Every structure is written in C-alpha cells, then in structure tokens.
C-alpha cells in the first residue's frame, strides 16, 4: 500500500532538498519504490533525482498539446534508483493561478494511473507555506495521508510551521490527513534543537529527525545529485538514511494543536529569537 506524504514548510527552508535526499535514501538504503510529485511552479522539486535535467511540466504539456495528449510517458521521468518524478509546473508569470495547476496536474496523474500500486511512497513537494487554494489540495482533498513539515530554529520557519498546522487542523477531520512530525533542517542557530523540541511538544507532535547542516549537501547539489548518490558513505547520507527509517517506522500521526500567537511569541522570546 502506497504511503502518500505531503512535505510543507516555509519558502527557502529546504523542502525540495530534504524531499529529494529523503527519497534517494529510501530508494537506495531501504529499497523502496518512490514517486515525487513536485507542486511548485518553479518545477525544481526533482532536478537532483534527475541529474539536473530539465523536465517538461504537466502544465507546459497541457498548453502545448492539450489535455487529451498528456500521457505518463511524456511527463513522468525516471531518475536515481528508478525514482519516478513529475512536475506540476504553473501558468506563465503574471497569468492565472499556480494553485489551480497543482489541482489539474494531480487530477491528470490520477486519471492516467501514474501513481501505480507498486509504489511504497508518493511524495508531494508543496510550494512554501501556502495552505489555501490549490496548494492545500494534497491535504484538503485527501490526496496525501501524512504531512511532514520542514522547519528550523529560525523565527519565521516556526511561524510558518504553526500556520501550516492551522491549515492542517482545519482539513484533518474531513480528509483524514494527519501530521507525522517536524523535520528540522538545521540552520545552526543557538538553541535550535531545544526550541524545536519544545515547539513540537506544544503542538502535539514530535521532531522526527534533526538533520544537521553539512556543506556536502551543497557539494552534491553542485554536482546535480543527492548526497546519497554523490557520497553514500558520508555522514549526511546516513542522516537521511535514518530519517527514512524513522518515516518508514512512524506510527505516531496526530491532528496538531497550533499555538495562539501570544504563546508562540513567548516561546520565540524565550529562545532569544526576537529583539
């Protein structure tokens, strides 16, 4: 049975990097069949898996050829360890709604049976901290069953995580989606781990893994690879291996209890993140 997971988090927090490195570790170390569906108009959710190759998006194919000619072969590409990849794409800049593109792309993938039954994991890598409209579709309509939020010990990352939890709590009862935990993509700020542990406990979940900051991630990206492909014996590859293991074994799924703004600000002040 395929586990369907949406990855959310503040813009620039490293969602796509975390998603791709986790997917690579699941495929390489744990021998899982993985599919990544990029839900960002930038269409950069799968480039490390595909060795930096540009991918024609679902929306581009729709514009060029029409819905009736969109096929799995045209828009789904296979990369490292047979990880399958598709990018929703979006409208031309300044025209239309990118969220609508996410809805259209997911619907088309389902109609074309792209999410095959042999998959162990299907990841939706979702734009920024937007939890309304089309970008909420994976959690609103039950396309994803689990959510992991990528955060750090920085103030705005925590604010974004709390806002995502508000959206998740709103849709959870109607769609059945649940929060599986917070992934800390470390920025090496003071008290980061302690802050994340207190925040996750307060909202009723856990920090599923603390991913330390390591320059090998950037080195691998320069080589258009995930860390696991670039240097599988590296410490950072083992961190993603461990994150993958924790996701595989995770059975702790909750409806989060987001903090009120005064509670959140008090926590931020406690850890010295606000002047």
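Counting begins at 1 with the first residue displayed.
Each residue, glycine too, has its Cβ placed from N, Cα and C.
Look at Swiss-Prot and you will find 9, 10, 11, 12, 13, 14, 15, 16 tagged as ATP binding site, backed by similarity to another entry. According to Swiss-Prot, the feature [4Fe-4S] cluster binding site maps to 97, 132. The ADP-ribosylarginine annotation in Swiss-Prot covers 100.
Taking the features listed in Swiss-Prot, we show where each one sits on the structure.
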| residue | record | DSSP (3 states) |
| --- | --- | --- |
| 9 | ATP binding site | strand |
| 14 | ATP binding site | coil |
| 97 | [4Fe-4S] cluster binding site | coil |
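With respect to their backbone Cα atoms, the residue listed as 'ADP-ribosylarginine' and residue 11 (ATP binding site) stand 19 Å from each other. All protein chains included, residue 16 (ATP binding site) registers 22 other Cβ atoms within 10 Å of its own Cβ. Fewest other C-beta atoms within 10 Å: among the recorded positions 10, 15, 100, that description fits 100. Each of the binding-site residues 13, 97 was scored by other CB atoms within 10 A of its CB, and the lowest score goes to 97.
All protein chains shown were included, and the count of other CB atoms within 10 Å of the CB of residue 11 (ATP binding site) stands at 13. Listed in sequence order, 150, 185 are the same-chain residues at least 6 apart in sequence whose CB falls under 8 Å from the CB of residue 14 (ATP binding site). Of all the binding-site residues listed (9, 12), 9 sits in the most crowded Cβ setting, with the most other Cβ atoms within 10 Å. The two recorded residues, residue 13 (ATP binding site) and residue 97 ([4Fe-4S] cluster binding site), have Cα atoms 23 Å apart.
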